[in-house]
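Written below as C-alpha cells is the structure these notes are about.
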Amino acid sequence: MEQYIIKGGKPLKGEVLISGYKNAALGIIAAAIMTDETVKIENIPNISDIEILLQIIEGLGAKVDRINKNTIKINASNIHTVKADSDSVRKIRGSYYLVGALLGRFKEAQIALPGGCNIGSRPIDRHIKGFDALGAKVNIEHGCICAKADKLIGTSIYFDESSVGATINVMLTACMAEGQTTIENAAKEPHVVDVANFLNSMGANIKGAGTDVIRIKGVKKLHGSDYSIIPDQIEAGTFMFAAAATNGDVLVKNVIPKHLEAFTAKLLEVGVQVIEYDDSVRVIGENRPGSTHVKTLTYPGFLTDMQPMMTTLLTISEGTSIVTESIFENRFKFADELLKMGASIKVVEGNTAIITGVERLTGANVSACDLRGGAALVMAGLMAEGYTIVENIEYIERGYEDFERKMQKLGAAMEKIDSEDIKAINKFKFKVS
Ligand SMILES: CC(=O)N[C@H]1[C@@H](OP(=O)(O)OP(=O)(O)OC[C@H]2O[C@@H](n3ccc(=O)[nH]c3=O)[C@H](O)[C@@H]2O)O[C@H](CO)[C@@H](O)[C@@H]1O
Ligand SMILES: C=C(OP(=O)(O)O)C(=O)O
C-alpha cells in the first residue's frame with residue numbers, strides 16, 4: 001500500500017498550476033456520450049475517478065482516445081448497451097450522470113447506484129423525481145437505477161433543496177426531451193454552469209445555468225464539440241489553505257478567482273493576505289491565523305468540500321472557532337485523526353466542530369477516510385512539527401492530480417512511498433533531516 005510521508009514545518013513557496021475540475025469533468029464525460037459525433041475535451045484532470053468513468057463508458061461501447069495526460073477524444077457512435085453494473089460504477093459518485101445521459105439519448109438506462117465519498121447517506125430521490133417528471137418510469141432494482149421512457153416531455157421541476165447532482169442529471173435528460181423544461185431552485189455551482197456550457201457547445205439550448213432557474217429547450221440531436229474544462233476550485237482552495245497554514249507564499253495559477261471568493265473571504269478574515277489577479281491568486285501567510293466561524297452552504301457560500309481544509313487551518317488559530325457542516329451529516333471523520341496530531345477539536349451533534357487553536361500540530365500516523373478529509377490530513381502534516389504518515393491515499397488520488405509532485409515543487413518535504421519499503425522511508429528521513 002502506498003502512503004504519503006511528510007516532514008512538516010516548511011513554508012510552501014512558489015507557483016502551482018491547477019488542473020481541470022473533477023466534478024465538472026464527470027458531468028462532461030457523461031454528456032459526451034449523448035452524441036454519435038466525436039467530442040474533444042481538454043483540461044481533463046488525470047485522476048482515478050476520471051479514469052474509472054472513462055473505463056465505464058468504454059464498457060458501454062464508447063471509444064476513448066487518450067491523446068495526452070489531459071486531453072481526450074470520445075466517440076460514442078457505437079454504444080451497444082445502456083446497462084452498467086460493475087464495482088467501478090458503484091465506486092464513484094459521477095457514474096450517476098450516465099443515467100441522465102443515456103436516458104436522454106436512448107430513453108433507457110440501467111446504472112448501478114453510485115458511490116463516492118462516505119460523508120453521509122447521499123440519497124438520489126431528487127434525481128428520480130426529476131426523471132419521473134420528464135416522463136420516465138424509474139425503479140431501484142437489484143442495486144441499479146432503472147429508468148425508461150416512451151417519450152420524454154419537458155416540464156417544470158422544483159427542487160425543495162438544491163442538489164448539484166440532480167440539477168446536472170435533469171439537465172442532461174431534459175436537453176433531449178420534447179419542449180421546454182424549467183428547473184427551479186437549481187444548484188448554482190460552477191460545475192453546473194460548465195456542464196451546461198458544454199451541452200450548449202454540442203447544440204443544446206440551456207439558459208440560466210448559474211442562477212436559481214434553468215430553462216432548457218429540448219433538441220432532437222446533439223453534435224460533436226471541442227471543449228476545455230474549468231479549473232478545479234477545490235484543488236485551488238486546497239493549495240490556498242495549505243499556503244496560508246504553512247506561512248507560505250504561493251501563486252495559485254490557472255484559476256477563476258470568482259469561484260474562490262468564499263475561500264478568499266475567509267482567509268482575509270483570519271488575517272491571511274490574498275491578492276487576486278485575472279487567472280491566479282497569491283496567498284501569503286505570515287502569522288498564526290485568527291479564529292472565525294464558518295458554515296458550509298451551497299455556492300456561492302462556503303463549499304462543503306473545502307470544510308476539512310478550513311477546519312484544519314483553524315486548528316492553529318489564535319482563539320476558538322466554530323465550523324458547522326450543513327450539507328453532509330458525516331464529514332468530520334478526519335477530525336479524529338487531527339486529534340492524534342495535537343489538535344483540539346470537539347465535534348458536537350455530528351455537524352459542528354468547536355476548534356480551540358493550539359500553537360502547533362505534531363506529526364503522527366494518520367489515515368485518510370475520504371477525499372477532502374485526506375487532503376486536509378496532508379495539509380496538517382505540512383503544518384506539523386516532525387514526521388506524518390498519511391495512509392489510505394487512494395482516497396486522495398481520486399481527486400488530486402500529481403498531488404505530491406505539486407507539493408514538492410512548492411518545497412514540501414513529502415513523498416509517496418510503499419508502506420513496506422523501510423529503505424525508502426529511511427532514505428526520505430535522511431534526505432530531509
Ligand atoms: C461528483 C460531485 O459533483 N460531487 C459533489 C456533489 O455531490 P452530490 O451531487 O452528491 O451532492 P448534492 O448537491 O446532490 O447534495 C446536497 C445535499 O442534498 C442531499 N440530496 C441530494 C440529492 C438527492 O436526491 N437527495 C438528497 O437528499 C445530499 O444528501 C446532500 O445533503 O455536490 C456536493 C455538494 O456541493 C459536493 O460535496 C460533491 O463533491
Ligand atoms: C465529495 C466529493 O466527491 P464525490 O461526490 O465524488 O464523492 C468531493 O469531491 O469532495
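Using N, Cα and C of the backbone, Cβ positions are placed for all residues, glycine too.
Unlike curated entries, TrEMBL annotations are predicted automatically.
A mean pLDDT of 98 is what the model gives for the domain 'Enolpyruvate transferase' (7-407). Marked as domain 'Enolpyruvate transferase' by TrEMBL: 7-407.
Counting every protein chain shown, the Cβ of Lys22 (phosphoenolpyruvate binding site) has 28 other Cβ atoms within 10 Å. DSSP gives Lys22 (phosphoenolpyruvate binding site) a helix state. As annotated by TrEMBL, phosphoenolpyruvate binding site applies to Lys22, Asn23.
Annotation comment: TrEMBL describes Arg93, Asp305, Ile327 as UDP-N-acetyl-alpha-D-glucosamine binding site. Annotation for Asp305 (UDP-N-acetyl-alpha-D-glucosamine binding site): spatial neighbours Ile234, Arg372, criterion Cβ-Cβ under 8 Å with sequence separation of six or more. In the three-state DSSP reading, Asp305 (UDP-N-acetyl-alpha-D-glucosamine binding site) counts as helix.
Marked as 2-(S-cysteinyl)pyruvic acid O-phosphothioketal by TrEMBL: Cys117. Cys117 (2-(S-cysteinyl)pyruvic acid O-phosphothioketal) falls outside any helix or strand according to DSSP and counts as coil. Sequence-distant contacts of Cys117 (2-(S-cysteinyl)pyruvic acid O-phosphothioketal), defined by Cβ-Cβ distance under 8 angstroms and a gap of at least six in the same chain, are Arg93, Asp370, Leu371, Arg372, Tyr395.
The active site, proton donor feature in TrEMBL is assigned to Cys117.
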Inter-residue C-alpha distance, Lys22 (phosphoenolpyruvate binding site) and Ile327 (UDP-N-acetyl-alpha-D-glucosamine binding site) (nearest angstrom): 19
Filtered recorded positions, from Lys22, Arg93, Cys117, whose Cβ is under 6 Å from an atom of ligand 1: Arg93
Rounded Cα-Cα span from Asn23 (phosphoenolpyruvate binding site) to Ile327 (UDP-N-acetyl-alpha-D-glucosamine binding site), Å: 16
Cβ-based neighbourhood (8 Å from the centroid) of the UDP-N-acetyl-alpha-D-glucosamine site, residues Arg93, Asp305, Ile327 excluded: Gly116, Cys117, Ile119, Val164, Thr304, Phe328
Other C-beta atoms that fall within 10 angstroms of the C-beta of Arg93 (UDP-N-acetyl-alpha-D-glucosamine binding site): 20
C-beta crowding around Asn23 (phosphoenolpyruvate binding site), within 10 angstroms: 27
